[in-house]
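Q: The structure is given below, and queries will be raised subsequently.
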Amino acid sequence: MDAVSGLSGSTATAQSQVSVGMGLLAGSTVMLVTVIWGSCIVVGKCDLGETDSVAINGQNTKGFSLTGTGVSTDIWTCYAARIMVISVIPFIVVQLTQLLHSTSGRHLAVLIALILSLLMLISYCLYQVFQPWIQRRRLAYVKLKHVMSGILKHLRQRALGRFLTDDGQPNKDVMEKLFHAIDENHDGRLSASELKALILGIRFEEINFDRDDAVDKIMKDFDIIRRDNYIDCNEFVHGISKWIEEAKRSGAVITDPSSRTFTYLDNFQRQAKREHALLGLEDQVEDQSNEVVEGVENPKWISIKAVLMLLLGTIIAAVFADPLVDAVDNFSDATSIPTFFISFIALPLATNSSEAVSAIIFASRKTCTTASLTFSELYGAVTMNNLLCLSVFLALVYIRGLTWDFSSEVLVIFIVCIVMGAFASFRNTFPLWTSSLAYLLYPFSLALVYVLDYIFGWS
């Protein structure tokens, strides 16, 4: 709204309005990933497992144990946190303008940062559009990987002899014996029904998957010579060899050459289980997604309605932008409180209140799925703040020829996004004690802005 307001009026007024907007941007970003983030940990905490330290859905018997309770998220939440970290790059670029002494050089740097932020915003929107497809492909691959590990382990147990030779390659004689054991009608080739019988004979307790789809994928993976929807003995040996090579590439470390088979396959299976767990409760997510798709009767009307709502929001922002900024300025003059602190503390409380309440209520359901969605939403909101709002402010600064003098705000956004983003990028479980880290970052940010602006005179 401040940007819309800044298009009119004098340069000094526009500069003041952009200052309010930057304060709101910094305050919203900090509040989302500190106070709200920490509160979601507190209300969404569950008991952590004794062995894997993963939150147990719906179980909360350990009270407020700092290390025994917490929240677990899926791997997509880690990706959202990493994207949030990447979104601070335009801030770094525009801040480099402070190192330039010429006005034209600073103007050009603002333009470069504006173009970069717009390109990143478009890329992020495209990622959001294609993310469901990426998730489905990733899930399908992990399920196939789990089937591969289960079949290899099953064949190893049925093998009459050493499964691998001394050089780590499949034992061809043993493979041929296994092939003939699976070939129920002894016609020298494996059909889809025989593959399905093999899969049905293996207990896959950890995951649910479509057996027919798994058979189709295995057939495509093995039937690469004749391509006749049957697997002969040579194709079978070649396919098993390819799977074992993939198991080797999974990162297994051989510590005992005499047990290399167990090392490869056990590590491969553990990795498949771990990747499957990191994807979250995908069956519930898929069911929810199917319900949503089935409930959309007229997607074209939904799209038009969304555009109309966006236009309405823009009109409301244009109408109320000037009164809001004037109210902030008048309140600042009456109380002698700097406008930045009003926009940094008061406005984010008002603008983020509904999002905070919905996030906390959603997190209180105490499941991995809801926790993942909650934190992904927070990271996504910060990313949109950093890219969309910054693009608007940079455009205003460039068009009106304003001064970019927001070093303290940029530094606060940078520190909070880097600390919380890096923290959430490389872990999936957050014990209760991590909420204290988030809570402490909020007063630290306030203190840092005060020191930089009013003691060192950065702005």
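From the backbone N, Cα and C atoms, a Cβ is placed for every residue, glycine too.
The domain 'EF-hand' annotation in TrEMBL covers 170-205. Among the features that TrEMBL reports, transmembrane segment is placed at 20-43, 79-96, 108-130, 306-325, 337-363, 375-399, 411-430, 437-456.
Are these features on the surface or tucked inside, and what are their neighbours?
A: For the domain 'EF-hand' (170-205), the residues of the chain that approach it from at least six positions outside its boundaries are 146-147, 150-151, 154-155, 158-164, 211-212, 214-216, 218-219, 229-233, 236-237, 240-241, 244, judged by C-beta separation under 8 angstroms.
Long-range contacts of the transmembrane segment (375-399) within the same chain, counting only residues at least 6 positions beyond its ends with a Cβ under 8 Å from a Cβ of the stretch, are 3, 6-7, 14, 18, 21-22, 25, 28-29, 32-33, 36-37, 40, 71, 73, 76-77, 80-81, 83-84, 87-88, 90-91, 94, 107, 110-111, 113-114, 117-118, 120-121, 124, 128, 355, 359, 413, 417, 421, 424.
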Q: Counting Cβ pairs under 8 Å to the transmembrane segment (79-96), which of 20-43, 108-130, 337-363, 411-430, 437-456 comes out on top?
A: 411-430
Q: At a Cβ cut-off of 8 Å, and with pairs 6 or more apart in sequence only, do we get at least 3 pairs between the transmembrane segment (411-430) and the transmembrane segment (108-130), yes or no?
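A: They are not in contact.
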Q: Taking a Cβ cut-off under 8 Å, which residues six or more beyond the ends of the transmembrane segment (20-43) line up next to it in the same chain?
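A: Long-range Cβ neighbours of the transmembrane segment (20-43): 1-3, 6, 70-71, 84, 325, 328-329, 339-345, 347-349, 351-352, 355-356, 359-360, 363-364, 371, 374-375, 378-379, 381-382, 385-386, 389-390, 392-393, 406, 409, 412-413, 416-417, 420-421, 430, 432, 434-439, 441-442, 445, 449.
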Q: By DSSP assignment, list the helix, strand and coil residue numbers for the domain 'EF-hand' (170-205), in that order.
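A: Summed over the domain 'EF-hand' (170-205), the classes give 20 helix, 3 strand, 13 coil.
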Q: Is the transmembrane segment (337-363) packed against any residues at least 6 beyond its ends, judged by a Cβ distance under 8 Å, and which are they?
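A: Residues 16, 19-24, 26-28, 30-32, 35-36, 39-41, 43-44, 71, 328-329, 331, 370-371, 373-374, 377-378, 381, 409, 446, 449, 453-454, 459 contact the transmembrane segment (337-363) from elsewhere in the chain.
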